[in-house]
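**Q** Could you have a look at this structure, given as C-alpha cells, before my questions?
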Amino acid sequence: MATKAVCVLKGDNSPVKGIINFEQKERNGPVKVWGSIEGLTEGLHGFHVHEFGDNTVGCTSAGPHFNPLSRKHGGPKDEERHVGDLGNVTADKDGVASVSIEDSVISLSGDHCIIGRTLVVHEKADDLGKGGNEESTKTGNAGSRLACGVIGIAQ
C-alpha cells in the first residue's frame, strides 16, 4: 500500500505559496514529489527538507537541512548529500514552479522519514555544494527561506 504525504507552503513575509504532494508506493522505493509553487521570482530556487517541523518563529525555526547521516550538502543525484537535499525548483516568468521530482534518498517511513519535518523553498538557486566555500557545503548558498510548511500524512 502506498504512503502519501502533503505540504502546504506559506510565505514567511513573502507572497510565495504552494502545495506539494509526496507518494511512496513501497517501503524502500523512491518517493514521487509533485505540485506547484507560486509567487516566486523567475529562475532557480533551492528546495530542501529541513530537520524540524517547527515553524513557530517562521521558517527559521525549521533548523538546518535534514541530515541524519552527517554528510556535506550536495545535489539530489550526488552520493554525498543531506537526506533533505532536493536541489532546485524552476519558476517561470509568471513566478510559478511546477514540481515533479523522484527521489530515492528521502522516505515516508523509517530513518529517512520526512513526515513531520519542514519543506522550504529558498530565495536563490542551490549551488548543489559546488560553490567553493564553506556555506556551499552546508546550505548550497540558497539564501533566505521564502516559504515553508510541515509535511503531514495524507489520505
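Just so you know, glycine gets a Cβ as well, placed from its N, Cα and C.
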**Q** With reference to Swiss-Prot, specify which of the listed residues Cys59, Cys113 is paired with Cys148 by a disulfide.
**A** Cys59
**Q** List only the single closest residue to His82 (Zn(2+) binding site), chosen from the recorded positions Cys7, His65, Ser109, Lys124 by CA-CA distance.
**A** His65
**Q** Which of the three DSSP states, helix, strand or coil, fits His50 (Cu cation binding site)?
**A** strand
**Q** Apart from His48, His50, His65, His122, which residues in this chain have a Cβ no more than 8 Å from the mean position of the Cβ atoms of those residues at the Cu cation site?
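**A** Everything else in range on the chain: Gly46, Phe47, Val49, Ala62, Pro64, Phe66, Gly84, Asp85, Val120, Thr139, Ala142, Arg145.
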**Q** Where the distance is taken from Cα to Cα, which of the recorded positions Lys10, Lys138, Cys148 turns out closest to His48 (Cu cation binding site)?
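**A** Result: the closest of the recorded positions to His48 (Cu cation binding site) is Cys148.
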**Q** Starting from the Zn(2+) site formed by His65, His73, His82, Asp85, give every other residue of that chain whose CB sits within 8 Å of the mean position of their CB atoms, in sequence order.
**A** His48, Phe66, Asn67, Arg71, Lys72, Gly74, Arg81, Val83, Gly84, Gly129, Lys138, Thr139, Gly140
**Q** Among the recorded positions His65, Ser100, Ser107, Ser109, Lys138, Cys148, report those whose Cα falls within 10 Å of that of His73 (Zn(2+) binding site); none is a fine answer.
**A** His65, Lys138
